[in-house]
Amino acid sequence: MCEARPVIALDFPSFEAVKQFLALFPAGESLYLKVGMELYYATGPEIVSYLKGLGHSVFLDLKLHDIPNTVKSAMKVLSHLGVDMTNVHAAGGVEMMRAAREGLGKEAKLIAVTQLTSTSEEQMRDFQNIQTSLQESVIHYAKKTAEAGLDGVVCSAQEVKLIKEATSPDFICLTPGIRPSGAAVGDQKRVMTPADAYHIGSDYIVVGRPVTQAPDPVVAYHAIKDEWTQDWK
Ligand code: C5P
């Protein structure tokens, strides 16, 4: 299930910035790129067609969360853009997730956000009024996501083992918060190296600033990719 290319988070504010970044890579090198809300709302759906036209794979990270019918219709639109993977909030419920799957179809992978990694256990208890541990809540949402027929979840690398035990080994765990040894952690709280993420069972790793802000992004990307795949059989 593992994807050999680390997914690069294109956290840029404009089309121009993306073009400048991608121009650094050799023509023909196929990348897996994550388009988040900032870029998508700044550029519109054209960004997806543009990246797909260059031969890249696209994870559209819009984290949809609305009534089932609205999410289903929105997913239908996204399926026409040719995204390879997109996501919803598991908190929208099993019915919403099933509707999302129906709208998107089977071509693209569909994953869910369980608890955002920015949510602390205290916040979850006080604000969401969920009186379990954060980990139990994440596992609960992961099970519901599997029940709804989705392909996997976005999670912290620390949660992968428990999530796979609670669902199945094939259930995709896509993990952000990846930092090569010695890199700046930034605002990420719990980080893991690419090699450790592989050993713990991550299927996809998402890396943003360690590549986009590197003095040489191409070198940084390949170093991370090499570390991610070095022990693959
Ligand atoms: O720059 P950095 O490697 O921290 O970027 C990680 C990317 O993954 C960002 O686009 C961030 O929004 C996203 N992400 C995350 N944690 C989550 C979900 C998404 O860091 N739980």
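Glycine is treated like the rest: Cβ placed from N, Cα and C.
As written in TrEMBL, here are the features:
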type     : residues                                             : note
ACT_SITE : Asp61                                                : active site, for OMPdecase activity
ACT_SITE : Lys63                                                : active site, for OMPdecase activity
ACT_SITE : Lys63                                                : active site, proton donor
ACT_SITE : Asp66                                                : active site, for OMPdecase activity
BINDING  : Asp11, Lys34, 61-70, Thr117, Arg179, Gln188, 208-209 : substrate binding site
DOMAIN   : 5-224                                                : domain 'Orotidine 5'-phosphate decarboxylase'
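According to DSSP, Asp66 (active site, for OMPdecase activity) is assigned to coil rather than to any helix or strand. Proximity of Asp61 (active site, for OMPdecase activity) to non-local residues of its own chain (separation of 6 or more, Cβ distance below 8 Å) is seen for Ala9, Lys34, Val35, Gly36, Met37, Thr86, Asn87, given in sequence order.
Cα of Lys63 (active site, for OMPdecase activity) to Cα of Thr117 (substrate binding site): a distance of 14 Å. In the predicted model, the domain 'Orotidine 5'-phosphate decarboxylase' (5-224) has a mean pLDDT of 95.
In three-state terms derived from DSSP, Asp61 (active site, for OMPdecase activity) belongs to an extended strand segment.
A Cβ distance below 6 Å to any atom of ligand 1 is met, among the recorded positions Asp11, Lys63, His65, Asp66, Thr117, Gly208, by Asp11, Thr117, Gly208.
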